[in-house]
Amino acid sequence: MAHRLQTITVYRLPPATSRPRIGGVLQTQVRYSATAVSIQQETALSSRRTLSAGSLPLTWPHKGWDDKVVLEVAPSHRKPRTLSDRVAWRVIRLCRWGMDLVTGMPPEPKACTKETRGTTAYRSLSESQWLVRFVFLETVAGIPGAVAGSLRHLHSIRRFKLDQGWIKTLLEESYNERMHLLTFLDLYRPGRLMRLAVCAAQGVLFNAMFVGYLLSPSFCHRLVGYLEDEAVATYTKCLDEMERGRLPLWTDPAFRIPDIAVQYWNMPEGKRTMRDLILYIRADEASHRGVNHTLGNLDQASDPNPFNDGHHSDVNHMHVAAIKPAGLEREEVLERCRHQGPGMRVAAGAAKSGFPSSGRTEGNLE
C-alpha cells in the first residue's frame, strides 16, 4: 500500500510593523512519517521538487548573461518627447504610486537638516514584503508581451505578411516574465487576497492592452518601456537593501535559491546567491526596457525587429538592449538593417509591399 507524504506548513510571520499585507512566506515544511518509509517518502519528495523545477525542456532557454553587462545595468528614464509619451509615463507613475501604497514601500529618506533631524527614520521592507511586490509585479509584466505577440501573429496570418521577427521577441519576453514569477513562487505562497488582486489586475490589463494595441501599438510599447524602467528601479533598490544588511535572510550564505532559477539562467557554481538571482532578473527587465522603447520608436508596419538573433549570430542582442535604456532610435535600427545583409532588406521590402518575399532571409523573420 502506497504511503502518502504528509506535510505541515509552518508560517513564521515578521513583527506586526513589517508584516506583508497580502499572503505570507512559506518558510519551512515539517515532515513526519514512519521511520520504515522515510527514505521512500524523501525520494518521492525529491522527484516532486524536480518536476516543479522544470524537468520538461524549456520553450525558450535563456541565453545567459555576461557579468559585465549585469553589473552595468542601472535605473534610467527616457524623457517623454510626445504627448503620447507623457501620457504613458503618467499612467505608469500612477500605477507605481498605487503599488507603493499597497505593498508598504516607504518613500526615499530625505536629507537631514536642522528642521528634519531625528524625524527621517527609514523603514525598509522585509523579505516577505519584497516577495509580495515581486510576485505581483511579474504577474502584470507577463501580460503585454503575450497580448502584443498574439495580435501580431493574427495580423500576419490575416494580411499574408511577414512580421519582421517581432512575434518571437514579444512572446519570449512574456515567457521570461513568467519564469521570474515561477521562481519567486518557490519562495512565496500567495494568499487569497493576493490571488484575487492578480485576477482583477489581469482582467483589467489584458483587455486594456488588447484594445490599446489595436489602436496604437507604439503607445503600448512605450508604456511597457516605462513599466520596465520602474521594474529595474525596484530590483536595484532591493539590491541596495541587501548590501546595507537589511535583508539578513537573503544574505545568509546558507540561503538556497530555487532550483528552477539555476536551471533557467544556467547559474554557475559559486554564483547562486539571492543577490545573483536579483541581478539576473534585473538584467532581464533592463533588456525588456530597451526592446520596448526601441519598438516604440519604429514604424509598426514595416520596420524589422533589430533584436531578433539569427541562428548563426555571435551577438546576443539582449545584451545590446540591456545597456540601451532609452532604446535604439529608428535611424540606428535601419542602419543595422543595412549592415545585416540582403536578407533583412528583402524581407523589409516584402513586408512593406504586403507580398511575401521569394528570397531566403537570414534569421527568424516569421
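Yeah, the Cβs are placed from backbone N, Cα and C, and that goes for glycine too.
Annotation for E285 (Fe cation 1 binding site): same-chain Cβ neighbours under 8 Å, separated by at least 6 residues, are A141, E228, A231, V232, Y235. The Fe cation 1 binding site annotation in TrEMBL covers E138, E177, H180, E285.
The Fe cation 2 binding site annotation in TrEMBL covers E177, E228, E285, H288.
As annotated by TrEMBL, region 'Disordered' applies to 345-366.
Per TrEMBL, compositional bias 'Polar residues' is recorded for 355-366.
Every protein chain shown contributes to the tally, and the Cβ of E177 (Fe cation 1 binding site) ends up with 26 other Cβ atoms within 10 Å. Nearest Cα neighbour of H288 (Fe cation 2 binding site) among the listed binding-site residues (E138, E177, H180): E177. Counted within 10 Å of its Cβ, the other Cβ atoms near H288 (Fe cation 2 binding site) come to 27, all protein chains included. Comparing Cβ neighbour counts within 10 Å across the binding-site residues E138, E228, the minimum falls on E138. Cβ atoms within 8 Å of the centroid of the Cβ atoms of E138, E177, H180, E285 (the Fe cation 1 site) belong to the same-chain residues L137, A141, G142, N176, R178, M179, L181, A231, I281, D284, site residues excluded. A simple way to gauge crowding: the CB of H180 (Fe cation 1 binding site) has 24 other CB atoms within 10 angstroms, across all the protein chains here.
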